[in-house]
Amino acid sequence: MTDYEAATAFLGEWGLFQQQVFFLLCLSIIPNGFAGMSIVFLADTPHHRCLIPANVNITSAWRNSSIPLEKDGHSGALLPSKCSRYKLEDVLSFSDRGFLPGVDVNLSNVRTESCLDGWEYDHSVYISTIISEWDLVCDDRWKNPLTSSIFFCGVLTGSFISGQLSDRYGRKIVLFVTMAVQTVFTFIQVFSPSWPVFCAVFFVVGLGQISNYVSAFVLGTEILAPRVRTIFSTAGVSLFFGAGYMLLPLFAYFVRDWRMLLLGLTLPGLFYVPLWWYIPESPRWLLSQGRVEEAEAIVRDAAKRNKIEPPPVIFSPLQQELQCEKRKPHNICDLLHSRNIRWISVTLWLVWNTVTIGYFALSLNTANLHGNAYFNCFLSAMVEIPAYALSWVMFRWCSRRLSLFSTLFMGGLFLLFIQLIPANMIYVSITLEMMGKFAVTTAFAIVYAYTAELYPTVLRNTALGTCSMASRIGSIIAPYFIYLRSYSIALPYILMGSLTTLSGLLSLLLPESYGMPLPDTITHMQHFPGCCQKTPYTLTHTEEKENAAEKKSPVVP
């Protein structure tokens, strides 16, 4: 059998066709950057205190002293309570008798009550958020992390169904359908009348968000040649995701109302409709379905765009055994079928889960950091850009396994060091947190590309979707890691640091894929330590030359 990469080598690596696929797929990733992190501003909690109704006839002295002072658990300063007030009937009585707070009345002896008339919110940062609109504070503050968790439940569901749909019906159709789902339901979310409706629609937005990301990632991985594929799967999609993430705080800075912010985030989706006519289906996937004529038509069109004359026959007849395996329908159960693929899958699921906890917990925590929320979010997004560049460098020249191990292990250490920093050294703690975010982000980019290399074409989208699905357990509980700050500031960092460090050690068990060809069938996969491989996949002479050339000179788009 002439393998796909050898059969399409005549196209070259960086012609007009490859450039078009590379940049258009990367552009489709941008909305994922701001949609995935928009909850940082949509559900930020403004400063608030109990509302004292304007029609209550009390003196200005008592109105200013009607909220008890409580010791802040972070700074130790005395701040107005967010969830209680002095009992209003007592305050009225003292005010009517002309008593002065703190002079005639010892405030520590005055009874308190909950915020029976609601809350008043500080509008210096936000005009409104879902927290201030639906009073998700005090006894209802548990709804804040649950909102993010419901979004990630949608991401989990999308990971589960989109991979299998993509492997069955094609990468392109799933990519565009899920982009439409994300755009339409984000628009519907603008008109949410209540928190439950907002969460229900947010679930569907999460479903579409991960589905189009994974589909675009796999589509580019399968179409592009080896060296450009490495750039696309690490720096390419990641940098454009980071660009979308960086645009979020810039846009949110000028749009302080949560409904208008969501409306603005739907607009880019309208510009992606014309891409349907410029992004092709994956010829690899078409071949795996036995649709050789359609695959050849796409490759011949690519040759025309690159101004290259294609050979008379592009794909030679497939070997009967491989042809049968490729046409056999595959599903999620195949990821656990044999001992080898089962151990690879379980290990990757655990690693993905930990990476996702670290990445999303640190990203969602930016609103809690000292200083301006917009700047902190922009800083968190900005550190991802050099992280993605580093992921490409490491993926280009270094061992996949050691790259993943080193970034996870160092990220865990940075997070563990935060608890050793004195409370007054705030900026040192923020620096360590951003270094941890840098390392975890690098690991996130590497594990995506690494996973795509380990699994075969017949299962690649299902495998990536399943790994993403398994990791969503981490993203679902990530908001609650931040919620632990209310008990101890150091506790989230201790848990995240420990899990990330252990995950780095676990990644050393994965097989190495550096310099190996992209597997097409399950029998071509690298083997897990201790699992024998009946039919090893050896490099062809063409592949050996390609890998040798790849190590000598990088291709930079």
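In case you wondered, yes, glycine gets a Cβ from its N, Cα and C as well.
Keep in mind that this is a model prediction, so the values were computed, not measured.
What TrEMBL lists as transmembrane segment is 20-43, 173-191, 197-219, 231-254, 260-279, 343-361, 373-395, 402-421, 427-450, 462-483, 489-510. The domain 'Major facilitator superfamily (MFS) profile' annotation in TrEMBL covers 90-515.
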Long-range neighbours of the transmembrane segment (462-483), counting only residues six or more past its ends (CB under 8 A)
144-146, 148-149, 152-153, 155-156, 159-164, 166-167, 210-211, 214, 217-218, 330-332, 334-335, 345, 348-349, 352-357, 360-361, 364-365, 368, 448, 451-452, 454-455, 492, 495-496
In the same chain, which residue numbers or ranges, 6 or more beyond the ends of the transmembrane segment (231-254), come under 8 angstroms Cβ to Cβ?
22, 25-27, 29-38, 40-41, 213, 216-217, 220-221, 224, 261, 264-265, 373-375, 377-378, 380-382, 384-385, 387-389, 391-392, 395-396, 444-446, 448-449, 452, 555-557
Flag the pair the transmembrane segment (489-510) / the transmembrane segment (402-421) as in contact if three or more Cβ pairs fall under 8 Å (sequence separation 6 or more).
yes
Contact set of the transmembrane segment (343-361) with the rest of its chain, CB cutoff 8 A exclusive, min separation 6+ beyond the ends, reads 152, 335-336, 404, 408, 411, 415, 436-437, 440-441, 443-444, 447, 451, 454, 463, 466-468, 470-475, 477-479, 481-482, 492, 496, 499-500, 502-503, 506-507, 509-511, 525, 528, 530-531
Would you kindly check 20-43, 197-219, 260-279, 402-421, 427-450 and say which stretch has the most C-beta pairs under 8 angstroms to the transmembrane segment (373-395)?
427-450
Let me spell it out: take the transmembrane segment (260-279), skip the flanking residues so only those 6+ beyond its ends count, and list any with a Cβ under 8 Å from a Cβ in it.
20-21, 24-25, 27-28, 30-31, 34-35, 38, 41-42, 172, 175-176, 179-180, 182-183, 186-187, 189-190, 219, 251-252
Hey, which bits of the same chain come close to the transmembrane segment (197-219), Cβ under 8 Å, at least six residues off its ends?
21, 25, 28-29, 32, 35-36, 130, 146-147, 150-155, 157-159, 161-163, 166, 171-172, 174-176, 178-183, 185-186, 188-189, 233, 237, 241, 279, 281-282, 448, 452, 460-461, 464-465, 468, 472
How about long-range neighbours of the transmembrane segment (20-43): same chain, 6 or more residues beyond its ends, C-beta under 8 Å?
126, 129-131, 136, 144, 147-148, 151, 175, 179, 182-183, 186, 205, 209, 212-213, 216, 219-220, 223-224, 228, 232, 236-237, 239-249, 251-252, 258, 261-262, 265, 268-269, 272, 275, 278-280, 305, 363-364, 366-367, 373, 377, 381, 557
Limited to the domain 'Major facilitator superfamily (MFS) profile' (90-515), I'd like the whole-number average of pLDDT.
82
Let me spell it out: take the transmembrane segment (427-450), skip the flanking residues so only those 6+ beyond its ends count, and list any with a Cβ under 8 Å from a Cβ in it.
217, 221, 230, 233-235, 237-238, 348, 351-352, 355-356, 358-359, 362-363, 365, 369-371, 376, 379-380, 383-384, 386-388, 390-392, 394-395, 400, 403-404, 407-408, 410-412, 414-415, 417-418, 421, 464, 493, 496-497, 500, 504, 510, 513
